[in-house]
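**Q** Please find one structure pasted underneath; my questions will follow.
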Amino acid sequence: CLVALGWSDSAMASADLRDELTCSICLNIYTDPVTLPCGHSFCRTCIGDVLDTQEGSGAYKCPECRAESQERPALVKNRKLRNIAENIRSTHPEQEEAGIPCTYCDSPVPAAKTCLHCEASLCENHLRKVLEYYCCEDAACICVSCSLAGEHRGHQVETLNEASEKKKEKLRNILQKLTPQREEAEKRVQNLEELRRQVQGKAAGVTERVTALIRDIRKQLEALEKRVLSEISRQEEQVSLRVSDLIRQLEIKKEELSRKMGDIEELCDMMDPVTVLQGRESDRDDYCDTEEDTETRDIKVHDAGDLDVGLIFVTLHSVLAGIGSKIMRRRRVPETQENQITNKYQMPILSVHREMTSEAGSSYIKNIRPHGAI
C-alpha cells in the first residue's frame, strides 16, 4: 500500500511527530514556539507577524481555530515543545532540508510516495516502474508486495495493462453511444442554422414587400388627399359663388325697397291731404308689386346650398376599401385566409368611416346623392 510521503512503523511515527511539530503558518518545525490562550502553538516570529497585521481590525484571531479576543493575546513560551522540536531538528537534519529520499535513486531525489508494506520510498519515475498491478475492488494501483501480503491480499488484482485495456474498452463503448448523440445534436444545429437562414431570407423579402406596399399606399393616400381636398375646395367655391350671387340679388332688392320706403315715408309726412290723395296711381301699383314680390320671391339661406360631406366620406371609404383589396391581392393568400385578413384590414377602415360619418352628422347622410364617387 502506497501513501504520499509516508513512512513504515517507526518512520510513520516519526512523520506523525513531525506533523505535530510543524508550524501551520510557515510549515516548518517550530522555532521558539509560543502558545495562545486557545491552546494552539506557533513560531514566535510567525504569530507575531500575524498579530501585527490584525492591529486596528477590532479583534485578534487565532490562525488555527479563529478564536477572537479584543486585546492582543499574551504569548506563552512553550519550553517542552521547543525542546522536542530542537531534538527532531538535530537528529534528522537531512529530512529537514530535503524530505524523504527515493530508495532506488543514486542521488537524493525526493520521494513522492512510500509503501508501508515493503518500506520503499519511491520518486515519480520509480513509482511508475513498481506499480504493476491494479486492485479492482479498491480501484488502486499497487505493487507486488501489496497484492500478495498487504491489505489488497485476496482482492481481484489485474496487471496495469489488462486493467487499462478493459477501461479503454468501456470508454470505447461509451464513445460509441455518445457519437450518434453528438451527430444528432450536430444535425439539429445544422437544421436550426438552416431555419435561421430561411427566416432571415424570408424576413428580408417580406420587409421589401411591406416597404414597397406601404410606399404605394402612401402615394395612393397622398393622391386621395389631393383629390378630396380639391373636391372640398370646388364645393366651397361653388357654394361661395352661389352665396355671392344671392347676396348681390338681395342687395339690389334691399336698395329698391329702401327707395320705395322713402317715397312712402314722404307721403306719410305730408300735411296736405289733397297732395297725398293725388299721388300717382302707378305708385300704388308699384307698391302692390313690391308686396307681391316679397311674398312670392323670398330668397332663403338654404337656397345657397352646402358642402356634400356625405359624398366626400363615401368617396374616402370607397378608395380606402380599394386599397385594402389591393393589399389582399398582393399577399396571394388562400381564400380561407383571405376572408379573415380582409376583415382584419377592412374593419379599421369601416371603423374610421363610421367615425367620420358620425362627426359629419346624420343630416349630411340624408343629402348624399346617388351619382357615384367624386
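Note: Cβ is positioned from N, Cα and C throughout, glycine not excepted.
TrEMBL does not curate its annotations; it predicts them automatically.
OK, TrEMBL features for this one:
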type   : residues : note
COILED : 157-267  : coiled coil
DOMAIN : 23-66    : domain 'RING-type'
DOMAIN : 118-160  : domain 'B box-type'
**Q** What does DSSP give as the helix, strand and coil breakdown of the domain 'RING-type' (23-66)?
**A** 10 helix, 9 strand, 25 coil
**Q** How does the model score the domain 'RING-type' (23-66) in terms of mean pLDDT?
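**A** Value for the domain 'RING-type' (23-66), mean pLDDT as a whole number: 87.
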